[in-house]
């Protein structure tokens, strides 16, 4: 039988498996591909193929991530699974594999463990919109009351980190039973039930093209007789010729009008998410715009200087710092296209941060930057990346 080709006519969604080490994240990933392969919605990918994930670099950080794809009757999914705990931390903070939702895997035999808690917290901090729980290894628990107890614990933990613990679907099953065909109810049927829950509960993400227009400024030119041209890659949305836009960040917000869009030296009537364009601005001087600002739909993004962030600090082996840092540390924060100096304030009770740590911290930038929650940044010292972070919340 010829391998079924994935049709891209279904809505696409990015998800991943998260949870404590050895609770069965990779086995579950393999089990999903096995069960969905029966209906032609996936190619079965065995555990050992997923487990030896290749390394990738994102924002100067090496991360091991395995990608599998599959589809249900409703959606096409790209699914990420990471071999080690540190890979999850780095992945979620750098957004190397953006997650529109996640499957939290908890072993029914162990209940929630330290990394279960940490992954839920990270999901909250980096803005993963929704979680679905798979209570794995249920074939190892004979007592139904014990299962109920574990489920209650998981719900309480989710609520503690501001997820709707009472409403989140929890599916009980066994990834191993699905892989070994040993128990249809806990194996095959549970996987189908899980995918039904993922389909229904994880909201369909808004496509970048449907979001408000934003383009980071990469370069600025002055073209005699035409005016000022700003180049960059459109991050999201659409800009049409004749539309009013704002220039945000670094200095006071200015209004201007896009009077032309050019791509590959051709004039277009609009530029959209993913396009590398030159945008001609009416009445804007060459010195009014600089790299590091953004062009955006008026009122859609504001400039900010103070925010709370979740960050991962590279180890010395990863090319990071060799020594810890303390409150009032002043590195550069690289947002989109530019470095801005900022001062780090560590949370009370945190004396210092060691290379390899992930931490919550407060940052005060010396100039405002167009910013919103979930925006990723790199932490740099003299052009060398020493960490990565994500804006968790904005203070001012």
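Yeah, the Cβs are placed from backbone N, Cα and C, and that goes for glycine too.
Just so it is clear, the model here is predicted, and its values are computed rather than measured.
Listed features, source Swiss-Prot:
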type	residues	note
DOMAIN	10-206	domain 'tr-type G'
BINDING	19-26, 81-85, 136-139	GTP binding site
REGION	19-26	region 'G1'
BINDING	26	Mg(2+) binding site
REGION	81-84	region 'G3'
REGION	136-139	region 'G4'
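Ranking the binding-site residues 19, 26, 85 by how many other Cβ atoms lie within 10 angstroms of each Cβ puts 85 at the bottom. Residues 23-24, 27-28, 105-109, 147, 172-177, 182-183, 186, 190 of the same chain, all 6+ positions outside the region 'G4' (136-139), place their C-beta atoms under 8 angstroms from a C-beta of that stretch. For the region 'G3' (81-84), the DSSP counts in helix, strand and coil order read 0 helix, 1 strand, 3 coil. Within 10 Å of the C-beta atom of residue 82 (GTP binding site) sit 24 other C-beta atoms, taking all shown protein chains into account. In this structure the alpha carbons, written CA, of residue 82 (GTP binding site) and residue 26 (Mg(2+) binding site) are 8 Å apart.
Residue counts for the region 'G1' (19-26) under DSSP, helix first, then strand, then coil, are 2 helix, 1 strand, 5 coil.
It is 16 Å from the Cα atom of residue 138 (GTP binding site) to that of the residue listed as 'Mg(2+) binding site'. Note: the region 'G4' (136-139) comprises 2 helix, 1 strand, 1 coil (DSSP; helix = H, G, I, strand = E, B).
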